[in-house]
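Worksheet for the structure shown next.
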Amino acid sequence: MEFASWHISTLANSYGVFFITELDMQFFLTSCVCVCVCVCQNASYLQRPDPDLPICVEQTVLVWFPLAFLWLCAPWHFANLCKKSAKAPLSKLHICKQVVAGLLLLTAIAELALTLGEDYGPSSDSTAQKHPAVLYTNPVLFAVSWIVVMLCQECVRRRPRAVDSGSLFVFWLLQVVCAVFQFQSLLRDALNKEEIADLPRFCLFYISYGLQLIALVLSAIADVSPEVKRMSQMNPEARATFLSRITFNWFNSMVIKGYKRPLVQEDMWDLNEKDSTQAFCQGFEEVMAKELIKARCSLQKKQNKRKTKSDHQNGLAKGVSQDVLVMEETGKKKEKKKKKKDSESEYPNSWLVPTIAKTSKAVLLESAFLKLIQDLLSFASPQLLKLMISFTQDKSSHAWTGYLYAVLLLVVAFLQSVILQQYFQRCFILGMKVRTSLMAAVYKKALVVSNDSRKESTAGEIVNLMSADAQRFNDVTNFIHLLWSCPLQIALAIAFLWIELGPSVLAGLLVMVLMVPINGWLATKSRGFQMENMKFKDKRMKIINDILNGIKVLKYYAWESSFEAQVQEIREKELKVMRKFAYLSSVSTFIFSCAPAIVSLATFAVFVSVSPDNILDAEKAFTSISLFNILRFPLAMLPQLISIMVQTAVSKKRLEKFLSGDDLDTMAITRDDSHSAAVSMTDGTYAWERDTEPVLKNVSLDIKPGRLVAVVGAVGSGKTSLISALLGELHSLKGRINIKGSVAFVPQQAWIQNATVMDNILFGSNLDEERYRSVVDACALGPDLDLLPGRDQTEIGEKGINLSGGQKQRVSLARAVYSSADVYLLDDPLSAVDSHVGKHLFERVIGPKGLLKDKTRILVTHGISFLPYVDEIVVLVNGVVSEVGSYDGLRASKGAFSEFLETYGKEESSNANANKASAQESDFEQIEMLPEGLEPQADGSPEDIVSSTLKRENSLRHSQRHSKQNGSKYSHDPHTLRKNSSVRSKKDSGDKKGQRLIEKETMETGRVKFSVYLQYLRSMGWCFITWSFLFYFIQNVAFIGQNLWLSDWTEDSVEYFNTTYPNHIRDMRIGVFGALGMAQGFLVFLGTILLADGSISASRTLHTSLLSNILKVPMVFFDTTPSGRIVNRFAKDIFTVDEIIPMSFRTCILCLLGVLGTLFVICLATPIFTAVVVPMAVIYYFVQRFYVATSRQLRRLDSVSRSPIYSHFGETVSGISVIRAYGHQQRFLKQNEDTIDQNLKSVYPWIVSNRWLAMRLEFLGNLVVFFSALFAVISRDSLNSGLVGLSISYALNVTQTLNWLVRMTSELETNIVAVERVREYAEIKNEAPWITSNRPPDDWPTAGNIHFENYKVRYRPELELILHGITCDIQSTEKIGIVGRTGAGKSSLTNCLFRIIEASEGQILVDGIDISTLGLHDLRSRLTIIPQDPVLFSGTLRMNLDPFEKFSDEEIWSVLELAHLKDYVRGLPTGLQHEVSEGGENLSVGQRQLLCLARALLRKSRILILDEATAAVDLETDDLIQNTIRTEFSHCTVLTIAHRLNTILDSSRVMVLDSGKIVEFDSPSVLLNNKQGHFYAMAKDAGIRGGETSKPTDISTDL
């Protein structure tokens, strides 16, 4: 073949079209042959200073490669042509794209016509050589390709919400890049020859090249349809182009906004539809249902097999003799193990992972492909480095090869960055979706779970499933591909190292493998220390919780220093363990720092020692080091990955067990409207769980529509169970229930949502103004709404914290009435309201003339007064219906009903007021305040009907009979004694008349002040800081020194080329290299140990200052600050100071020194690099500042928006029976999805912000690599190859270090806020000093005279006075009763004696000494109070009585005897060392009150204050306390604040307070005879007649 003529004829070839014509096969053969020949010729084209590619390569390979890519991608596009989807309207951009493609088609046709004309046209020479086949094939291929492009562009327009096509952009880019070679060849040839040989083809090529450039630009612009434009206003990602998506440029606007001002939730963009909770969960649930069915089938098979096996064994066992008893013991153990194993596998398992895999298989495959490419690309850099070093060694090679390598290093690094970030983006988004779908699945399951399954998990455990376990799956999904990627990377690295160094690589590998068990051992030891540390943390937090819950008592008794010492003792133990842990971590760091040095030392030493021919040159050394660096990551990650997998396996079991539990039987209740009865139960036997005793037996009921039926019976007779059965909450053993129409349910304990009053009443229904007003009016809510700051738009706190028990119950009733259902199930709704309100509700709502008169009502009640007005009464006794009939009929029959009337009738007549007040308060007072900022643990939520009945020992009614009115904080019901409850008095809760008592906690925004860093460094100690920084700095110098030594070592290969390598030089090289490596390890070790000591010193300082200050702040601070906020400082913030800040701080220093070291080495190798450093540092600084500002705020928003998910869940679990009764499951599911979506709105941008940062930093890192390579090429004549290798291998590592540096500075800035928060509480203004120079005599007060002189006081400076000029004298040994209605200032008066509140004016003298001149501890330790709440602390009984251990055991036993507790304590196995549980829950309320009495007896002071001390106890305990006080405190001055007038009728004098003033102060008999007086009015209300001083039975009034 004549190549010369072919070359000339094809010099100006351009692009053409392919129709399927009968082209001679010779064309293709010719093309193939010519490519082969071109490759052979290639060498001659490249071995010259101005290289070029052969024309045949340019005309074939470079033309066909982009077209092949297009044709491969085309089928994906064409798939959209078949789908019927709404087309986007034609845009100008789309028309331009199609026109450009059309013009390109014309150029291809023109070129084909030109060739045909020249070969077969009228003017052609038939004898002349025809054009080669390629001039026919290329235009035909191009023509077809341009038609394909036009079709693809149309497909993109038809794709919903598409703005561009990534594959088309890549195609145009490849096309333009590949055509560049032909571009310069044509131009060069024309310039050389000074003429254009083939003008038509020359022109066609440049026209088509210009059109392709235009097409490339157009393909990079977004073609935004009106729909996408609308969406992009809510989320800019919708209009992001391919380029913007791979560089994350679309996120710029969020970053800029975050930099300008702190981001808030409103700034968050809407989620993409595919990322929303609903989108992913739908698919997840469908797959989960199928997988669960499979798992259940396989479980069934297993159980059947086991059953057959056990039956078989039982058959054999009958013939076995008695001798086997010998083996019983071992048999039992095995049996236990087997049982445990069986119980573990009693639920369907191994279905969760397949479900996740199947739901997200597309993303998993896509990310796996990206990871594979990235892994392979990561091994390209060391090979390019090798080529680069050989280029600098070979001075004869052309300069262009060096530039080519530099560009290739940049391209490979850029591709690696793009692919890696796309991989991470997919994995992190998948992790987010997996977490979301698990949370949604757990929530959905909780709505339908049966009682059997529900019993297995507490609400707190289910919240943990949603938070911790779902998070574990999130973490493992992020790194799931490392399971195969790590082994692949290790195998590839070893293979490449073997190529470089041969078998000696095994030495280095052996060192790495040996480090795995060492690291494993260290990890196990560390875990042990962590567990120990957690125990001390829990212990410390328990005491701090106790302190905060009983802070008032600590202040009254001046016990703060004792408790401070207890906490400090535990804290010291905790710090001791932390120090051990830190030292162990230092060893781990030492090993990790030494690892690279030891590995390279072992490898290089073996390599040069094995054979004298082996000389270490720069190529081998630095290629190996960059390969070892790649190898470090998978080896470090594998152990971590295994531990994450183990933790996830535990979470998988827990989730599978919960999600595969049984659902509630929805078929238990039929809804047949053809029945005549509205509610019918036929022969129903029901139990709470499958294997328990039935609570209802053979119950048959028929309730006609529109009737009011009362259900009565003693406590525990099954009334609530009957309601639960009608709701379908019980397990049906036999019988059936039918209900006509919809149901509304009012539970015994009102369930209130954290929403407005109106939302609580509407409960998802539409607002009908008229009906709403009538319901509010009927339920007596009008006056309550007037008191609330925003009327019915007032938000009710969690668990109804700012409503009283009665108000909550009325809201709950209003919700039912508004729902306008057909059947009403009312579970004792009138017990929690006063009697007159109860009467109003019955008349206006429930009764025969009420709003519900036409509805079917089933009312559980204890209110005797309502029974005559009901249509029918059902009497339950022990779960059996004993009687059914009308009031009169049942009364006459003298059966169970008349017994019931007797029991409750007496009580109601004698104790109406007590019931009223205690009921009103008891519900309210069991509220637990949730720690703000901590994830709410739903354990403490008010339990719904199911849970309370499952566990109930005594009923709510019982507790109300035994607890007293107003201020009753505790009752006998176990559920009012909540774990971790921080019970607050009524005034603390919520807004009173619009006044906000509890301020909202401020969320930090913006940059952290430098003073905060300084304070932390000061707490650490400047000595520790300086020395550790110095050690780290010298370590970095040693690291650089070691690498410079290696670079110098590699020069030996040049020096001793073709000569024997002297042994002494070899040994010196190895020795110094190894010594520098070990030195680094030791320096890091010392630096880390010093830093650890410093951080422990900081932890100690900060915790001590926080604790001692919190104990000294005034009481008003605790009244206005939720205890959760303070707990948060001691838990979360101190944890951050202890563990997170030191780690971030250390990593920051190391990364900073690492980056500076890298830049120093590169500048040392190529000084010209310093010119690039400054602009790059400026760019880096801006990227870092932009990122940190945005990321920090996104993290805060994430944690703020995460809490509502758990709160809403806790709320749902507590009100589950209400939600089910109303059939509102779907609405709550939707609400849960919305709440999760709100959280995802800040999680998604946070994930993207990390990718945004990584892309920019990696690009900076890639530029460092590029410039270090470029400058090495420029100054290669003055450089040795060792330095080039050193600077580029350093540069290849800088990207990761830069990334870490920004991450860690961001982390440090986010976490240093903890120091700020701790400092805030460590600097709160204190109350008066505990001890002053003016100390009272040791026996003060001797007499116990108290004199108030014009005493005025206010709670806070900005508030009104609460005591207005109190003046009075109380003589020694007088017994004074203090009475007054709520808010009169009774408790304030006693608080003033203890200086809990300081005087605004006036003074109090005790035995002639002004108490304001004394230290608080001197004052408080000489007075004694028995407070209204019997507060006990965790610890022994002895500690609760005598925390300072001042008294002997004999003295303690004698006071216990006086307090009627001696026999009880003697009966305890451990006596005085009996452990009191948190809040004293393992003692009854009465016993607690008696212990408080024992405390008072032990102190033997002359002044005793009783603050409503008997308000919460039963009459028996009350008698015991009163008698002891009369006898043992007869020589003392006693002030008694009373609710029960009978307790103060034998006082010397009674002080009556009203609005902070003394209105009456005289003996009880005088006051009772003054018929116009306040005291007389109170006594009359309480049923005491004038002059009556005998002790009435349980008379009380609402004082």
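Placed from the backbone N, Cα and C atoms, the Cβ positions cover glycine too.
For 985-998, the entry in TrEMBL reads compositional bias 'Basic and acidic residues'. The domain 'ABC transmembrane type-1' annotation in TrEMBL covers 367-647, 1027-1310. For 679-903, 1346-1580, the entry in TrEMBL reads domain 'ABC transporter'. The feature region 'Disordered' is assigned by TrEMBL to 934-998. The transmembrane segment annotation in TrEMBL covers 61-79, 99-116, 136-156, 168-187, 199-222, 479-499, 505-524, 581-610, 630-650, 1016-1034, 1070-1092, 1150-1183 (among others).
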Inset, instruction - Mark yes when the transmembrane segment (61-79) and the transmembrane segment (199-222) have three or more Cβ pairs under 8 Å (sequence separation 6 or more) and no when they do not. - result: no
Inset, instruction - Could you tell me what the rest of the chain brings near the transmembrane segment (168-187), counting residues at least six beyond its ends with Cβ under 8 Å? - result: 11-13, 52-53, 55, 58-59, 62-63, 65-66, 69-70, 73, 149, 152-153, 156, 202, 205-206, 209, 212-213, 215-216, 219-220, 241-243
Legend entry - Taken over the domain 'ABC transporter' (1346-1580), the model's mean pLDDT: 82
Inset, instruction - Please indicate, using numbers and ranges, the residues of the same chain that are 6 or more beyond the transmembrane segment (630-650) and have a C-beta under 8 Å from a C-beta there. - result: 378-379, 382, 472-473, 475-476, 479, 482-483, 485-487, 489-490, 493-494, 512, 515-516, 519-520, 523, 592, 595-596
Legend entry - Tertiary contacts of the transmembrane segment (1070-1092), as residues 6+ beyond its ends and Cβ separation under 8 Å: 579, 582-583, 585-587, 589-591, 593-594, 596-598, 600-601, 604-605, 608, 1024, 1027-1032, 1034-1035, 1038-1039, 1041-1042, 1045-1046, 1049, 1142, 1145-1146
Inset, instruction - Six or more residues out from either end of the transmembrane segment (61-79), which same-chain residues have a Cβ under 8 Å from its Cβ atoms? - result: 15, 35, 53, 138, 141-142, 145, 148-149, 151-152, 155-156, 165, 167-168, 170-171, 174-175, 178-179, 181-182
